[in-house]
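Enquirer: Pasting in a structure now, in C-alpha cells, and then I'll have a few things to ask.
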C-alpha cells in the first residue's frame, strides 16, 4: 500500500512541477513586453531578478492550476493505462485511494497559505520598488556634466561636475511648482538627492522667498514611478488599518479575506481532479478543459465576493461557506460517481 501511496504522491508532484515550469515560461515571456525598456540595460543579474519577481507575482495562479491539472492527469493516466482496474482488483478501495491524494492536498494547502500571505505580496512590493529605483538610477546615471537635462516634463537639472554618485554645483528647476534649487554638493541615495550648502527659491505673493540650507533631501520626480497596490500591503499594516481606519477597514478586510480563503480550494481540488480523471471517461484535453473551467468559475466568484466584502455588503464568513459548498459538491459528485 505504501508503494501505491508514494507512486500517486510522487506523480502528482512531478506533473505539478512540469506544469509550473511551463506556466513560468509563458508568463515571463508575455510580461517581457510590459517591462520598461531601461531595465534591458540594467545588467544581466538585475534583469533576471526582475524576471523572478514577475514570475512570483503570478505564483498563486500557477499553484492553483498546476495542482488541479496535475491531479487530473494522474487520475487520467492510471485509468487510461488500466492501472486503476489492477488497483481495485487488489482490494484497494476508493477511500484508501483518497488518503495519499488528501495528504498531498494538505501539503499544498499549507504552501498556498504561505504564498498568499507572504510570497506574492512581498514579490509585488519588491518588483515595484526594484523597477522604480533602477529606472531612476538609470536616468540619474545619464546626467551629463555642463549640460541641462529634463528629468520630467517639469523638472530640469544642471550639474557642473559629476563623479559617479557625487555631484558639484547643481541647479534644479521645477517649472510646475516654480521652485529653483541650487547647491554646492549632492549625493545620490536610493531615489533621493542629498543636497548640501545651497538655496531654495520659493514663490510667494510678493515675488520670491530665498531659503538657505545646509542639507536638503530632494525626492526625484521622474517620469516612471511604479507603485505597488493596496492589495500588496503587509499583513500587519492591513490589520492595523482594520483596527484604526474606519474608511479603509472593509478594503483591508477584503484583502486579508482573499489571502486567507485562497487556501480553501486546495483542500478539494487534489481529490476533485484525481477522481475526475478516474471517473470521467473523457480525453485528457477534455478533462483539463473542465478543470480550467472550474478554476475560472472559482476566480470569477472570488472576484465578485471580494468586491462585496470591500463594499461591506457581506460578511467574509459567507464567502468562505460558499467556497466550501462549491468545491465540496463537485468533489462529492466525482468521488461518488460510478
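Quick reminder: no glycine exception, Cβ is built from N, Cα and C everywhere.
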Enquirer: In TrEMBL, one of 98-120, 121-143 is tagged transmembrane segment. Which stretch would that be?
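Expert: When 98-120, 121-143 are checked in TrEMBL, transmembrane segment belongs to 98-120.
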Enquirer: In TrEMBL, which of the ranges 238-259, 260-281 has the transmembrane segment annotation?
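Expert: When 238-259, 260-281 are checked in TrEMBL, transmembrane segment belongs to 260-281.
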Enquirer: Residue list, the transmembrane segment (287-305) vs rest of chain: Cβ under 8 Å, 6 or more residues beyond ends.
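Expert: 64-65, 68-69, 72-73, 76, 258, 261, 265, 269, 272-273, 276-277, 280, 314, 318-319, 322-323, 326-327, 330.
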